[in-house]
Amino acid sequence: MLKIIKGSDVRHLDSLHIQRKGISSLLLMENAALGFAEWFNSQSYLGNERVAVFCGAGNNGGDGFAIARLLSKLGWKVTLFTCFEPGTLLSPDAKSNFDLVPSAVRLQSWKEFNPSSFDVLIDAYLGVGLKGELRKEAKDIIQAINSFQGQVLSVDVPSGLPSDSNCSWECVRASHTLTFAFPKLALLFPENAQFTGELVVIDIGIEDSELMEIDSDYFFLQKKDVPNYHRKFNRFAHKGDFGKILLVAGSKGKMGAAYLSAKSALRTGSGLVTCLIPESERFIIQSSLPETMVVFEDQVDYSKFDAIGVGPGLGIDSVEVLEKVLDNYSSPMVLDADALTILSKHKNLIKKVPKGSILTPHLSEFERLFGKTDSHLERLKIAKEFCLHYSLNVLIKGANSVICLVDGRQIFNSSGSRFMATAGSGDVLTGMLTSFLGQGYSPEQALICGVFQHGLAGEIAGKEKLRSTIASDILEAIPETFKQLSIS
Ligand SMILES: NC(=O)C1=CN([C@@H]2O[C@H](COP(=O)(O)OP(=O)(O)OC[C@H]3O[C@@H](n4cnc5c(N)ncnc54)[C@H](O)[C@@H]3O)[C@@H](O)[C@H]2O)[C@@H](O)CC1
Ligand SMILES: Nc1ncnc2c1ncn2[C@@H]1O[C@H](COP(=O)(O)OP(=O)(O)O)[C@@H](O)[C@H]1O
Ligand SMILES: [K+]
């Protein structure tokens, strides 16, 4: 799994990589520029676009010089805008690439930039070497870039954005950010989405194991990582091996939540799914989902279940229902939706939640549980302290949901799409997580497989249905996620 290290550690990473592979730093810069050019080529640009490349005096600018050369060689009409005064000392690798810029590339100062003369803008002005507050001229250059109406492709980070924190100033507003080796932390914060645009990670040959040598608790989960976290079942596996789970979900008017969680759990592979629901609502589940069983509050033996998921559609007044589950079950469970709202109003119940359990708040639920926060960085800190203190896992939901583990590691998910922002998609996730727990997955395995596959299912459904995607489409795409990951 990719580790997310600090921007200030990137130089150290580079020198480790350069030593190990016996390559020059210039070749590493060339790999970055080649990766960018390859991505650019794979997009539907027509070949007659006029490309503006803004370059600074550091290595981010160096990437820009190399990109300008490569795109020019590929036939694009490139103009390079220097964002430094004549006579400025360039970083050594930037200087080497500046000297290699072919004559077919026009050179101008950023002050001469006319936005209407270009179709695409590449922002290689400032990267992870940004220090302190933006200088006055940097603000003017960023404003000039932001006056451009077409696509803005930022190299490594949108210029002006600090790599690991937030800022109070205006940064480049990119349509895409093509970041090298690993996503810089600030690119994963919701408050920076306005600057980052779509995020693309470009492989420049640095291996996961090289990143592992640098200290950090942040990770980035990608498709290639997931199969290793799955359990394998042999040909004698019976439905008991795939787990008996209980979903404590649904109330009058909210039975859809129970239905969605239960069906998702079945699609994720659960052997037996039982719903604990109000007796008056039993017909809804029994007739819509014959594969599930239902039980009512006075008849349930919690201890016979391999995993329990509580909360979707439960109703925020169901305090006793939640308390009874917590008093009668000691293995890790999943707590979502109304169960989280109840916990936030009855904080004394938190210590009853079994160690290793998974809490899945979206941002409002997070705020209800932990109070108002100013930034994602603050949320991550609060979640980490909570996880360590209570030995609980927290999933902060949203784009790039963050899996916060009991030992303090925090894993950002890469799958998902904006079309998942629809009623019931969280209920689908609760079903999936509970299902994996019931199949004998550890909470960490359940989170990694469940969160990634839920996002992937959302991507699959969204590709077909765009903003018409509904939660049922997401759950019906679960089988395709197993196929794509080759999990039988
Ligand atoms: N392993 C990697 O990730 C690689 C990174 N490379 C590139 O190298 C970049 C980092 O290069 P550098 O360390 O040279 O740094 P940058 O090029 O990001 O920044 C240095 C420049 O920013 C200016 N600057 C710094 N703080 C400023 C402020 N507050 N206001 C205005 N200007 C300011 C400096 O005067 C200098 O010109 C990465 O972002 C990436 O683009 C690639 O070349 C190769 C591989
Ligand atoms: N813009 C987005 N990009 C990626 N995933 C998203 C986005 N918006 C929502 N999601 C995902 O959809 C799910 C929504 O969950 P939740 O807010 O609990 O929905 P509900 O309460 O309607 O079931 C979460 O897993 C979240 O990560
Ligand atoms: K940049």
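Yeah, the Cβs are placed from backbone N, Cα and C, and that goes for glycine too.
According to TrEMBL, the residue from ASN59, ASN60, ASN228, ASN234 that belongs to the K(+) site alongside ASP123, SER159 is ASN60. When GLY408, GLY424, GLY426 are compared with the AMP site residues LYS397, GLY398, ALA399, ASN400, SER401 in TrEMBL, the one appearing in that site is GLY426. Taking the C-alpha atom of GLY62 ((6S)-NADPHX binding site) as reference, the shortest distance to any of the binding-site residues SER159, ASN400, SER401, GLY426 belongs to SER159. The K(+) site, placed at the center of the C-beta atoms of ASN60, ASP123, SER159, has further neighbours from the same chain whose C-beta lies within 8 angstroms: PHE54, GLY56, GLY61, GLY64, ALA124, TYR125, LEU126, GLY127, SER154, VAL155, ASP156, VAL157, PRO158, GLY160, VAL172. In the vicinity of ligand 1, defined as a Cβ distance under 6 Å, the following of the binding-site residues LYS131, HIS362, LYS397, ALA399 are placed: LYS131. Sorting the binding-site residues GLY62, GLY398 by the number of other Cβ atoms within 10 Å puts GLY62 first. Checked against ligand 3, the binding-site residues ASN60, ASP123, LYS131, GLY398, SER401 give ASN60, ASP123 as the ones with a Cβ under 6 Å from it, listed in sequence order. Rounded to the nearest whole angstrom, the C-alpha distance between LYS397 (AMP binding site) and HIS362 ((6S)-NADPHX binding site) is 5.
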